[in-house]
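What follows is a set of notes on a single structure, which appears directly below.
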Amino acid sequence: MKLTFSLIFVLFALSGNVFGQTINRPAIVIHGGAGTIERHLLSDSLETIIRTALQDALNAGYAVLENGGTAVDAVEATITLLENCPEFNAGKGAVMTDVGTHELDASIMDGSDLNAGAVAGVKTVKSPILAARTVMVRSPHVMLAGEGAEEFAKQEGLEMVDNTYFTTPRIQKRWDESHKGEGSNVPKSKFSKFGTVGCVALDKDGNIAAGTSTGGMMNKKYGRIGDSPIIGAGTYADNETCGVSCTGHGEYFIRIGVAKEISDQMKFGKKTLKEAAEYTVNEHLSGMNAQGGIIAMDKDGNFELVFNTPGMYRGYKNATDEKVMIYGDE
Ligand code: ASP
């Protein structure tokens, strides 16, 4: 009797359907930032570049998972690719500080053991997400900042670059425009976006990982650090609940503890992923007039891509479906 029950359960699990509930494993979701991203503000060529980059990143991460790689491996592979794409605010193409330099933040979390790593305010580490993972697995710490983080990355043999490596003509132009005239202002362009990149992956073994990488906010000052490298704010992963990566106005995401709030609602409030994500973005963040979005996935591969801005660069891929989206109406 017991044997028959076990056999039926295994057969259902293999077919991806346990007691009417679909399990999509492995699966991956990504974002490339939220903001005032509207059809009439994006050229056709830029739209094609963005859609292709998002699709390539999804494919890279999903290939890792399909080949039996871990969720952490998939997050690293996906985010590294997005960091190297100059259209996103992470790695090459990251926004500039008020004094025209780049200071990068990133974090990664493994939901299987709640291990996590982060770097903040780094200027010469080529891949901040790789540095974050190295902090997680090769140091006893969770977050390293500034010069110490760079020294650690160097000692670990990570690729280092000059700070100007991250500058692109597009970002330089935005910075120049924002510094015309007296003082400095955040650019007044109608098309504004946060542009941070993030990924949540669920591997074949049911492990969830999440990661986020960013240049922060344009014209930030005084060593400002946003939510992206802060575990619980911009990134969180727990196999028991979900993985989350955020993009938006970091100061608010830190104050709410957005990523952990979503996880906690599931753990302690018994909410579904959908209920938790929608509450945090559409009620809690919106109630504070805070802009941004989140991507999140639970242990069964259910996912949510929620934002309170006109658009968010985003996508998902699992065994049965995949899609890349930009605008509110896709
Ligand atoms: N959340 C990031 C920050 O505040 C910005 C972004 O999402 O692009 O640093």
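Don't overthink the numbers, they just go from 1 along the chain as shown.
Just so it is clear, glycine is given a Cβ too, placed from its N, Cα and C backbone atoms.
Taken from TrEMBL, the feature active site, nucleophile applies to T196. The substrate binding site annotation in TrEMBL covers R224, I225, G226, D227, T247, G248, H249, G250.
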(request) Of R224, I225, G250, the binding-site residues listed, which put a C-beta under 6 Å from ligand 1? Please answer none if none do. (result) G250
(message) Using the alpha carbons only, what distance in Å do you get between D227 (substrate binding site) and the residue listed as 'active site, nucleophile' once rounded?
(response) 11
(request) Pop the Cα-Cα gap between the residue listed as 'active site, nucleophile' and I225 (substrate binding site) into the table, whole Å please. (result) 13
(request) Note down the number of other Cβ atoms within 10 Å of the Cβ of T247 (substrate binding site), including every protein chain shown. (result) 34
(message) Taking DSSP as the reference, which of helix, strand or coil describes G250 (substrate binding site)?
(response) helix
(message) Just to be sure I understand: of R224, G226, T247, G248, which binding-site residues have a C-alpha no more than 10 angstroms from the C-alpha of T196 (active site, nucleophile)?
(response) T247, G248
